[in-house]
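According to Swiss-Prot, the features are:
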type     : residues : note
TRANSMEM : 4-24     : transmembrane segment
TRANSMEM : 38-58    : transmembrane segment
TRANSMEM : 68-88    : transmembrane segment
TRANSMEM : 101-121  : transmembrane segment
TRANSMEM : 131-151  : transmembrane segment
TRANSMEM : 175-195  : transmembrane segment
TRANSMEM : 214-234  : transmembrane segment
TRANSMEM : 259-279  : transmembrane segment
TRANSMEM : 290-310  : transmembrane segment
TRANSMEM : 323-343  : transmembrane segment
Amino acid sequence: MNHAITMGIFWHLIGAASAACFYAPFKKVKHWSWETMWSVGGIVSWLILPWAISATLLPDFWAYYRSFSASTLLPVFLFGAMWGIGNINYGLTMRYLGMSMGIGIAIGITLIVGTLMTPIINGQFAVLMHTQGGQMTLLGVLVAVIGVGIVTRAGQLKERKMGIKAEEFNLKKGLLLAVMCGIFSAGMSFAMNAAKPMHDAAAALGVDPLYAALPSYVVIMGGGALVNLGFCFIRLAKVKNLSVKADFSLAKPLIISNLLLSALGGLMWYLQFFFYAWGHASIPAQYDYMSWMLHMSFYVLCGGVVGLVLKEWNNAGRRPVSVLSLGCVVIIIAANIVGLGMAS
């Protein structure tokens, strides 16, 4: 496995670790509605940071975006909006299925769809099936899905042991939402594929290859922001017990604390895709579709590790922790199989 591929896998691990931790600051926000908190974090992660970083990287910010036709930008934006719909469905999936089953089904589906649909759309899948490297990377995807399944099983054992139940369990509704979440969340992978002309144009302007994907986030995350912020703003306007005015009528120190914590959560959310771009740039072009598999499987891995570090599994007993550890090991093996496949 060469150095570039190793670093690509490493950067995806760092990005996934940030994704697994980003909600921690949000949990410390007090006396704010979820909609206000999520909107503040979202404005930072989906609007301020993509625009600020792109303005820093590009020699002429507006000229860069004006150089693309609507036929190039629109699919990128719409795939970003597609991801935004998946993001909203994610929370509803947890509500009706519980954390473990919801995450397992949603992440498993988005891992498969987001990883395999790209080479299918690009007409590369048949080639991958008949080359040693392609076969190994596809085997890695299968092993990763097995690893996610094992971690999901560990979560179910933990919830059963600790008496944790879904807020409003509904198998039929939950499964439908989980499938929708998995498919729509893959929009980020599709958006990155559609944004390749934007990445190439940024590189042609002298932007370092590690950063070449970042200017496309203005469009991708703009689509996601439209859906997420629109959802939050509509609820803030329509739901009687939600009020932005009330949220900002708290004591000034608490407002400042909530703003900073929400902004920190937004920063950590953005960093997952900042390092995703670095990992994506380090992977051989013919295997760039594997970025999504690495990100999502590492997200599950890091989520399990973070849970152990935060002592969320202390009262779960030995068996759930053992199953979780096995799942994490399987995901690590999957990443190595993919790395060897890309290097062959």
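The backbone N, Cα and C atoms fix where each Cβ goes, and this holds for glycine too.
Counted as Cβ pairs under 8 Å, contacts with the transmembrane segment (68-88) are highest for 175-195 among 4-24, 101-121, 175-195, 259-279, 323-343. Most Cβ pairs under 8 Å to the transmembrane segment (175-195), among the stretches 101-121, 259-279, 290-310, belong to 101-121. Away from its own ends, the transmembrane segment (4-24) comes close to residues 265, 268-269, 271-276, 278-284, 291, 294-296, 298-299, 301-303, 305-306, 335, 338-339, 342-343 of its chain (Cβ-Cβ under 8 Å, at least six residues beyond either end). The stretches the transmembrane segment (101-121) and the transmembrane segment (38-58) do not meet in space: the count of Cβ pairs below 8 angstroms, excluding pairs fewer than 6 apart in sequence, stays at fewer than three.
Recorded stretches compared: 131-151, 214-234, 259-279; the one with the most Cβ pairs under 8 Å to the transmembrane segment (290-310) is 131-151. When the stretches 38-58, 214-234, 259-279, 323-343 are ranked by Cβ pairs under 8 Å to the transmembrane segment (131-151), first place goes to 323-343. Spatially, the transmembrane segment (259-279) is adjacent to the transmembrane segment (214-234); three or more Cβ-Cβ distances between them are under 8 Å for residues at least 6 apart in sequence. If one looks beyond the transmembrane segment (323-343) by at least 6 residues along the same chain, the residues whose Cβ comes under 8 Å of a Cβ in the stretch are 1-2, 5-6, 9, 13, 132-141, 143-144, 146-155, 157-158, 283-284, 287, 290, 293-294, 297-298, 300-301, 304-305, 307-308, 313.
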